[in-house]
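Presented below is the structure to which this report refers.
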Amino acid sequence: PPPPPTTQVPADSYAKKNYDYIEEVFAQPIADITIMITGPEGNEDVIADSTYLDIMFEIDAMTASLTAEWKGNTYTYEDVCRRDDNDACYSDGALQFFEGDEAVYEAAKAGDALLAAFQVDVFPGTARPAVYEPETVGLSEFDEDGTFTGGKCLKQSYDLNNPTECTEDYDCASNEFMLAWQDKMAEIVKDKKDVATISYLSALSLDIELGAAVFADLPLVAIAYLVMILVCMLTLGDGISSGLRHSSVALGAGSVMVVFLSTLGGFGICALFGAPFTSLHALLPFILLGIGVDDTYIIVNSMMQQKPTKSLENRVADAMAHAGVPILYTSITDFTAFMLGASSPLLGISSFCIYAGVSILFDFFLQCTMFVAIMVWDARRKEARKYDCCCCFDAGILSDNGNNVITREKQYRKSQSNIAATLKEPEDVTVKDVKDLESFLDYFIVQCDKYRWVVFFFFAALFAFGVTGATKNTEGFDVNKLVLDDSHFKAYNTMNEDYGLSTYNAKAPVGIYYKGGGLELQKAEVQANIMELNTESLDLSHNVGPVYCWLDSFLAWLPSESDTCATGDCDYSSGYSFADEATFLAKLNAFLAVSANSIYSTDIALDETTGSVVASRCWVWHIDIGDVPNQIEAMDEMVAFLDSNPTGLATTPFADSWMYTFVFQFKIIPPTLMLNFILVILTVIITSPFVLKQPLAVGLLVCTLFLIDAELLGMVYAYGLNINSFTALSLVMAVGLVVDYNAHITHAYFMGDPNEDRITRMRLASKSMGRSVLMGGLTSLLGLIPLAFSRCEVFRVFFQMTLAIVVLGVAHGLCLGPTLLMALPIPTPDHVFDSYNKWKGIKETKLGARTERAIHKRISQNEDDLAEGGPQNNDI
């Protein structure tokens, strides 16, 4: 089963501490199963037409007769139900209007008195006031006199025993009964779909549906890997269009295999050390597939740029020397971003980031070892003239007249984009020059520089949009997004909300807990202080009564005891002092022994040895909690009020509600997200100078991170999403991906020829790394596209966020970043300048860049003619 909600909050938070205390001290004996019924169209009057009550009594009969097997024994509903004061199985809902008796119902139906049965002040056979929403009838209607006239939905619930083994070991008779009941309800829903819409829910529903969501999209993982294999086979290296002699189909399959093994290794190591696994982890194979394949394109692209006449060992060494640094840098950044995310107090984010970080380390190690080995194997296959994927077959002698070295040199010169002499002047570059991806990127960079102010204005407007959206974002989370679209859990919650039967955003019970110990409950002044505090809590802006407290009922019951009130008409509403604690405990146990008062037994925790009161609780209600800010305000207000202990009790009381653990998440997500972002930025600032060399370039990269995260917050608003653990995870992940898309171009720019002008260096950098960045973004999207077809909404939300991350990251990396570098006079650091000149063997050059390009062009043409046996132009 998935972790309980409190694992999503810090262990040292009051929400977690209070929850653990309550779990330890108070019994949690109840689990419920619930049904709701509406018409097929959803707007039929379920009271006027007896069809719906017929179905409800049919389900009631099924529930009563259902049996379940557990540990070799057969259990019935009577065995697992919770008993009421009359020792009958407790249930509530629409059937209460007929005392839960089908004979009473049939008599009312025969007498055409169904509507009249609902027009009562109290439920028949009880003293309980009759209610409609949220317990029995949804979207109930009344006439101008306030008389009930009909409704659109019927609701019925059954309480089951829920002993400790049910919640701790998930192994008990009640759970087996609920599973059997759910199977029967699934059949009924299907059989009755033409005459009624039925939804159902049990205490196990969420656990079951979360488990189903983890494995439901496994076929999408297979599709993602298949798509990525095909893309890599077709585009990696020279691509399939160059023919099986020069293609790298096997290399493409090998690259995906490396990512798969790194994912498997990361998952295995984390599971071995006990890292928890949640439904959120099903996203990781998609993310790691995109990140991992990015690195393979950079390595292969660097290998393709090496001079083919060099030995294979030297080509691999130079390729890894060129590609290894940016891959190491981005891997460290990705790993650091996820590991900092692992420090999150939200277990879902923390565990996800641990799995991701370890898998990224595995991927980096395998890329630099296993994938390089596969690449060498593929290169040797090409040198041996073997067919791709069919390496046992010889491709024969190609029609190069034996001048293979010359042909390879010619191909090398034509494929190279790092020779400045081959570039046209910027003003001469037109759209007609676009013939492939490299030439498109060259044209694109030229246009970015030409229209730099348009680029700046566009991204400024995008940033303004992001800031505007960020200011309008709110926290919130819908648990329905965690389960499959066709889940019975989601169907029930949707119907519950649509028909006004849900109290989640309207009214929530909140307990006021009084710890025992020094609290002397036998004294009248202590009792008065407790009742006074309960009453004062109703003055808070989000609290409302009535107060539901065992102490009020206990003091109202005392006059019936002759030894405490001889006349029987005493008024102890302000408290009663007992002679000692033993006398008080004796009376308290006598009070709880009365069947009408046994319901309070769950609100008083007694020590099993001494019988003293360990703790007790009273209840009030939170209202006006329709959005997260109001929920946070209600919680903080109540917590502050009780912390002040206004009535001076010996022990400080505390408050808790089922919604507090969720609300506390919303409260800590913004500061936690901000802290993680700041730490990641500091990591980028510390590590980037070792790669980018230029402090100003590091500053540009950091500014880009700020821009993109602001824009992503704007996209959260544009998508209609809320800030929660899932969108926070996307923002953490964005830092790593954004660095990938922006650092490679910047690194290539500063590692280029410092003797060239800025636009030439950027054109060379874009041709050198632009293809890898663009293909990296595309492969990331391709790896995640299957999520767009997921049956689980949270996965589709993650795809939306990742789509925004990739598009914004690539746009900044290939457009804004290059434009800024071309516009700003950022000098190359002296040590890089000197190293470059020393490497090239150049001390001083007297030729202008334009003259040098012309000379190289003439040399290139002459050598091409020589290789082709044509006229030779030796005048150069």
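Just so you know, glycine gets a Cβ as well, placed from its N, Cα and C.
Taken verbatim from TrEMBL:
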type     : residues : note
DOMAIN   : 217-377  : domain 'SSD'
TRANSMEM : 218-237  : transmembrane segment
TRANSMEM : 249-274  : transmembrane segment
TRANSMEM : 280-300  : transmembrane segment
TRANSMEM : 321-342  : transmembrane segment
TRANSMEM : 354-377  : transmembrane segment
TRANSMEM : 453-471  : transmembrane segment
TRANSMEM : 673-692  : transmembrane segment
TRANSMEM : 699-720  : transmembrane segment
TRANSMEM : 726-751  : transmembrane segment
TRANSMEM : 772-789  : transmembrane segment
TRANSMEM : 801-824  : transmembrane segment
Based on Cβ pairs under 8 Å, which of the stretches 321-342, 354-377, 673-692, 699-720, 772-789 lies most in contact with the transmembrane segment (280-300)?
772-789
Need a quick answer: max count of Cβ pairs under 8 Å to the transmembrane segment (801-824), which of 321-342, 354-377, 699-720, 772-789 is it?
699-720
Same-chain Cβ contacts of the transmembrane segment (772-789) under 8 Å, 6 or more residues past its ends?
217, 220-221, 223-224, 227-228, 231-232, 235, 283, 286-287, 289-291, 293-294, 297-298, 301, 437, 441, 737, 740-741, 744-745, 795-796, 798-799, 802-803, 806-807, 809-810, 813-814
Report, as numbers and ranges, which residues of the same chain sit near the transmembrane segment (673-692): CB under 8 Å and 6 or more residues beyond its ends.
325-326, 329, 332-333, 336-337, 340-341, 343-344, 698, 701-702, 705-706, 709, 723, 728, 731-732, 735, 739, 743, 746-747, 750
For the transmembrane segment (453-471), which stretch among 218-237, 249-274, 321-342, 354-377, 699-720 has the most Cβ pairs under 8 A?
699-720
Among the recorded stretches 218-237, 321-342, 354-377, 699-720, which has the greatest number of Cβ pairs closer than 8 Å to the transmembrane segment (249-274)?
354-377
Taking every residue in the domain 'SSD' (217-377), what is their average pLDDT?
84
The transmembrane segment (321-342) touching the transmembrane segment (354-377) per 3+ Cβ pairs under 8 Å rule
yes
Let me spell it out: take the transmembrane segment (321-342), skip the flanking residues so only those 6+ beyond its ends count, and list any with a Cβ under 8 Å from a Cβ in it.
291, 295, 298-299, 301-303, 305, 349-354, 356-357, 360-361, 363-364, 367-368, 676, 679-680, 683-684, 687-688, 690-691, 729, 732-733, 735-737, 739-740, 743-744, 747-748, 769
Under 8 Å between C-beta atoms and at least six residues away from its ends: which parts of the chain pack against the transmembrane segment (699-720)?
459, 462-463, 465-470, 472-473, 677, 680-681, 684-685, 688, 692, 727, 730-731, 734-735, 738-739, 742-743, 746, 797, 800-801, 804-805, 808-809, 812, 816-817, 820-821
